[in-house]
């Protein structure tokens, strides 16, 4: 390439970079104008604030120079030491430097711009580089690295990549700082696969061995490789690629990269979220072997997983190990333990932990009390739950929606409806769970119309009723034999975009069958089968039972036989309703065949199975078979129910059975 063509090429690249920076600044100015308009037209008076603010994605806008706390800084430049008492002074001197070209070079400009980078003003730094470009002050690799970092900090990754392309076109060799900055930018944008590919390239080409550049990176405000590496590891774990993250850590340890407690903590947390507690514990042991001291975050993550899995003894052992090693548990650690104990009904152990944390002067928070209150309510200890609420208020910890919901549920369970309603009225912002709890109470009391009023209140408050809300009300209407209202509500549910689930379908199917509306039930059943809702065994049991009650035993048998085609496994209840159907039409031989098939398929008959079949045999006059079944029933620990005993008593009264038969049932 000739000198003229080289100059032309550099000029084209230079012009392109200026255009990119101008685009970024124009976008910035538009963002600022919009924000200023919204805030009442606030203007920034200093002429230096022409340097645009690049809007940060998902963050607050950058502060003005007058808002930044700057305590002054001294720089050694070509002309000697210069002290800047304010950022405005630094901009003044920078303007003087670019006018004094070629006395001041990119090295001096970079030092001044570094002040703004360290003060978290990448927007100003970008604008100052624009001035350098306009004045034809050549940028060096150090300049490009700062510029790439500034674009990344402003979440303008496309500009960072464009700048990277331009520096390579100008013949500069990207270094570890360049790659590390881009890697960090990709991680910030959640472009983990691309970051992983770039990191792999860095490993292969030996860039990660240039650790001597760490000082330079810190000087201009860049993060060292290990911190960016942690960002990458965190990204992999967030995507569920924990095994890849662990393999990458092992690889980098082999290459001599120092892995800190943050890296291990990220991997341990990822493993725990996957439920792989064994690997997390192995990694904990490995940390100790490499003399990296685990912190409370790592211990808490493992303890939390152990508690969730019900391994409370292991969690307690690890908790004790923490204390022995001088690692102080925090409120999160205690909350994990308390919540774990509460979830498995170990309320007294949870109470003991609460006392322990208070003795250690670790203040419980609302999550601590919520776990204990919820457990108290589930255990039926409403008085203890009320005492815990009082303790919360005494400690100036204000109840949240979860607290109120637990207490309302507890009051409802103990039929203290007035207290539940009073607490509901106290809530500033009840959620849909709160409404569902109160609606359920109304429906159980057969006050479904009042439950419907609460459904309308949900909409008025800007909340959205969910599947549970509609299921509760539909069930309520079915219970009061108002199937038309139940159907109307079902249609409303669909029209409002709330998806019915298997429970919704089962409620309606049961309502139709119980009210002898078999045709409507079968019609709905057919519609559901064509939908995306997966019917469960309960749904088929309801329909088979409805068919048998409606004298459609043969059709019920056909449906029973088709269950494997639908991917449904019959349970004891399925066999019971079918056996009952056969007995109802006096098909005792079919009932007996199904009874034996039931046992062959691994389903043990229950009390209902035996009593149904015994009554069927007695009705058909098969006394010997009924005696055989009674003997088997008693040997399996079951006994005659009220219907069987009454039937036997009637047969004895009519003289069709011997009195000794009654003794066999007792």
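Glycine too: its Cβ is placed from the backbone N, Cα and C atoms.
So that you can see what the record holds, here are the features copied from Swiss-Prot:
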type	residues	note
REPEAT	105-139	repeat 'PPR 1'
REPEAT	140-174	repeat 'PPR 2'
REPEAT	175-209	repeat 'PPR 3'
REPEAT	225-259	repeat 'PPR 4'
REPEAT	260-294	repeat 'PPR 5'
REPEAT	295-329	repeat 'PPR 6'
REPEAT	400-430	repeat 'PPR 9'
REPEAT	431-465	repeat 'PPR 10'
REPEAT	466-500	repeat 'PPR 11'
REPEAT	501-535	repeat 'PPR 12'
REPEAT	536-570	repeat 'PPR 13'
REPEAT	571-605	repeat 'PPR 14'
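Through the fold, the repeat 'PPR 10' (431-465) approaches residues 401, 404-405, 408-409, 412, 417, 420-421, 424, 472-473, 475-477, 479-480, 482, 485, 496, 498 of its own chain, all at least 6 residues removed from its boundaries and within a Cβ separation under 8 Å. Taken through DSSP, the repeat 'PPR 13' (536-570) splits into 26 helix, 0 strand, 9 coil. Counting only same-chain residues 6+ beyond the ends of the repeat 'PPR 11' (466-500), those with a CB under 8 A from a CB of the stretch are 432, 435-436, 439-440, 442-444, 446, 448, 451-452, 455, 458, 507-508, 510-512, 514-515, 517, 520, 533. When pLDDT values are averaged over the repeat 'PPR 13' (536-570), the model yields 94.
With DSSP states grouped into helix (H, G, I), strand (E, B) and coil, the repeat 'PPR 12' (501-535) comes out at 26 helix, 0 strand, 9 coil.
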